[in-house]
Amino acid sequence: MVASSVLGFPRIGANREVKKAVEAYWAGKISAEDLTKAAADVKKTSWQSIKERGVDFVPSGEFSLYDHVLDHSAAFNVIPKRYVGHGLSPIDVYFAMGRGRQADGVDVPASEMKKWFDSNYHFVVPEVSDDTEFKLNFNKAVEEYQEAKAAGVTTRPVVLGPVSFLVLSKAAKGAQAGFQPISLLHKLLPVYKTLLADLKAAGAEWVQIDEPVLVLDSAAALEKEFATAYETLEPVSPKILLATYFSRLDSNVEFVAKLPIAGLHIDLDRAPGQLEDVLNAIKPTNIILSLGVVSGRNIWKTDFAAAIKLGQQAIEALGADRVIIATSSSLLHTPVTLASENKLTAEQKDWFSFALEKCAEVATIAAALSGSQDAAVAAALEANKVSITKRREFESTSDDTVRKRVAAITPDQLERKSPFAVRKDIQAKHLNLPKFPTTTIGSFPQTKEIRQARAKLGKGELTPEQYDEFIKKEIESVVRFQEKIGLDLLVHGEPERNDMVQYFGEQLSGFVFTQNAWVQSYGSRYVRPPIIVSDVSRPGPMTVRWSSYAQSVTKKPMKGMLTGPVTILNWSFPRADVSRELQSKQLALALRDEVIDLEKAGISAIQVDEPAIREGLPLRRSDWDAYLKWAVDSFKLSTAGVTDQLQTHSHFCYSDFDDIFPSIQRLDADVISIEASKADMKLLTTFKQYGYSNQIGPGVYDIHSPRVPGDQEIKDRLKAMLDILPDSLLFVNPDCGLKTRGWKETEASLANLVAAAQWARQTYA
């Protein structure tokens with residue numbers, strides 16, 4: 001009998017109930033008890049919904065109010081000292097670690113965030129040192145297992161594995177030089193033993209232990225640590241399913257197959273080619289194999305025939321009792337359900353499968369592989385066959401004009417007319433910016449009034465003309481504010497934009513959009529990714545109108561704002577039938593036209609954001625070169641069609657650039673801005689090491705937190721930056737866009753930023 005399994009589920013609620021409750025708690029509108037109740041309702045609904053769809057292994061313990069890695073840090077007492085001793089409740093300490101806190105005499109910044117492997121989900125980085133005292137503050141896995149059981153659902157608890165937890169951690173400030181978090185494994189394992197023994201005592205038969213670092217090249221050096229960990233944990237634990245995802249095990253499967261585990265999960269959506277090697281490695285063992293054949297990262301309906309073929313291959317090698325059909329990863333990265341989508345056409349809706357639908361898919365595939373004679377299973381198989389056939393027919397059509405234009409791209413189209421050293425002088429004369437020029441990353445607060453106006457336009461309660469007048473007033477207000485506080489290179493604030501990807505997708509051909517397909521990015525920040533369904537092109541200008549208007553109301557230079565091709569691709573649900581390279585270059589050509597039109601309209605600086613370029617890097621180094629070639633070429637194709645006096649900017653999110661720095665240099669942007677305020681200057685040392693010669697704006701304060709940095713704090717950051725970077729190259733800007741912040745904190749923070757830049761001009765004259 002082939003079982004079915006889901007590795008994790010969206011924790012946001014079908015109607016974003018968790019976001020609303022968390023933000024209400026932050027605002028002081030509900031109590032901690034109310035927040036707990038709201039979370040409990042969402043968890044119960046999720047567990048019961050998964051069970052109702054016939055899934056055998058229902059996950060628990062992976063729910064989070066902010067971030068599952070932060071949950072582990074709080075549970076294991078990995079709480080930096082700066083958050084201790086303020087009289088805060090445990091839940092407020094937890095949120096302070098995630099987003100900072102500046103209230104009631106407490107002023108602490110947020111912890112560092114990084115991208116969760118190659119996804120757009122952000123996790124809060126644990127900070128450890130030899131002084132870290134691991135202990136179990138609470139056992140969330142047991143609590144939620146019991147909570148689910150009380151709701152009538154027996155679950156398989158999910159725990160982030162000890163090796164991955166430490167590998168994803170960073171050395172805390174004050175740690176000894178050369179300290180490696182993995183050296184603390186011997187101190188951490190007793191806490192895991194307690195957690196798992198308690199789970200077993202509570203009645204859990206299985207536990208899913210996620211060790212996603214096993215798909216990284218670096219895991220090959222951790223064979224001893226994995227052996228130590230699982231030889232220590234197995235005797236006290238429920239049966240262990242070791243879960244890997246997002247890429248392939250490669251040679252790591254050789255030592256994984258020797259671990260004392262009862263089950264192994266592999267991702268066959270991202271890496272179907274690994275199946276044969278894994279089967280050969282585990283066949284002599286008793287390990288059960290969980291096949292991730294239903295995508296946890298995309299929204300296309302699963303091709304049952306292809307999935308069943310993979311399942312049959314595993315059954316032939318291992319037997320049906322040693323095979324589980326599963327999602328490839330947690331469904332955290334997909335929307336909750338298609339049921340609430342009323343504006344997609346019937347044809348479009350038939351293409352897709354969201355989290356709840358994916359639960360039904362794993363159950364159906366498992367039943368089919370088990371030889372089920374159920375009429376409902378037969379009907380589902382036939383309906384899937386019809387759906388996939390129709391989708392393939394649609395995919396076979398293409399836009400010849402777009403395809404021919406991509407095929408005709410030449411190397412000359414990727415290069416600016418002159419090298420940066422020449423462009424820099426031309427731009428300096430044209431823009432006339434002071435030393436340490438100040439700017440922002442693009443967006444300003446999206447107020448309640450802006451959201452209401454957008455909603456009224458959608459409902460027909462505002463005419464397009466009335467809405468346009470509203471947007472003009474918002475833009476002029478943002479421009480006047482920037483002039484008042486003394487910013488040098490202005491932006492229009494983006495009040496007309498709902499999202500930095502969706503806004504462009506809505507003006508490009510080849511996309512479709514949803515009403516409620518929300519996905520968590522970090523904390524209470526959710527996004528609604530557009531879906532690329534066909535070839536992409538630009539019917540007409542997308543941003544020229546509003547950028548031109550903003551420039552018309554000020555004498556200061558205005559920066560046009562675009563989202564780059566790689567980021568639009570990575571932050572959308574992409575097509576699965578053509579390469580990411582083709583999709584990226586189609587987007588690049590559309591954006592190239594927009595950049596050229598913006599310059600013609602009188603815009604002197606244009607920012608083409610690529611916060612996701614590092615995020616999209618494949619997890620296996622052998623796959624890097626091909627990706628970096630087309631990703632960098634796509635950015636250059638977008639930006640190289642302008643004159644030397646046009647200053648190109650780009651922005652990057654929290655990333656480790658050490659290994660890909662030559663590619664960052666090859667982008668040849670005139671100015672890059674990077675999220676750096678929580679990275680302890682390590683990132684800038686990399687830029688110095690490689691001799692980066694273009695201009696750079698490391699973020700001087702964290703915009704993911706409502707906390708207002710003092711001007712001395714920003715001065716100290718500038719001092720540290722100037723110890724590393726030449727003063728002639730430094731821009732002064734926040735970490736990221738200000739869309740999610742309130743106006744009060746934005747005004748105070750930017751005033752302090754400008755004051756610090758003015759101090760720097762005097763000090764480093």
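Quick reminder: no glycine exception, Cβ is built from N, Cα and C everywhere.
Source: prediction; values computed, not measured.
Marked as domain 'Cobalamin-independent methionine synthase MetE N-terminal' by TrEMBL: 4-313. TrEMBL lists 436-758 with the feature domain 'Cobalamin-independent methionine synthase MetE C-terminal/archaeal'. Residues or ranges marked as L-methionine binding site in TrEMBL: I441, G442, S443, E494, D609. Annotation source TrEMBL lists L-homocysteine binding site at I441, G442, S443, D609. According to TrEMBL, the feature Zn(2+) binding site maps to H651, C653, E675, C736. The annotation active site, proton donor is assigned in TrEMBL to H704.
Put simply, of the recorded positions I441, G442, H704, the one whose Cα is nearest the Cα of C736 (Zn(2+) binding site) is I441.
Around I441 (L-methionine binding site), a 10 Å sphere centred on its CB holds 24 further CB atoms from the protein chains shown. Here the binding-site residues are C653, C736, and the one whose Cβ sees the fewest other Cβ atoms within 10 Å is C653. If you measure from the Cα atom of I441 (L-methionine binding site) to that of E675 (Zn(2+) binding site), you get 10 Å. Rounded to a whole number, the distance between the Cα atoms of H651 (Zn(2+) binding site) and S443 (L-methionine binding site) is 12 Å. Listed in chain order, the residues near the L-homocysteine site other than I441, G442, S443, D609 are T440, V491, E494, M500, M561, Q607, H651, C736, G737, K739, each with its Cβ within 8 Å of the site Cβ centroid. Fewest Cβ neighbours within 10 Å among the recorded positions H651, H704: that distinction goes to H704.
The Cβ of E494 (L-methionine binding site) lies under 8 Å from the Cβ of G442, S443, F444, M500, M561, G737, K739, each of which sits 6+ residues away along the same chain.
Here the Cβ of G442 (L-methionine binding site) has 26 other Cβ atoms within 10 Å, regardless of which shown protein chain they belong to.
Of all residue pairs in the L-homocysteine-binding list (I441, G442, S443, D609), the one with the greatest Cα separation is 12 Å apart. Listed recorded positions near D609 (L-methionine binding site): H651 (candidates H651, E675, H704; Cα-Cα distance within 10 Å). When averaged over the domain 'Cobalamin-independent methionine synthase MetE N-terminal' (4-313), pLDDT in the model lands at 97. Note on E675 (Zn(2+) binding site): other Cβ atoms within 10 Å of its Cβ, all shown chains, come to 24.
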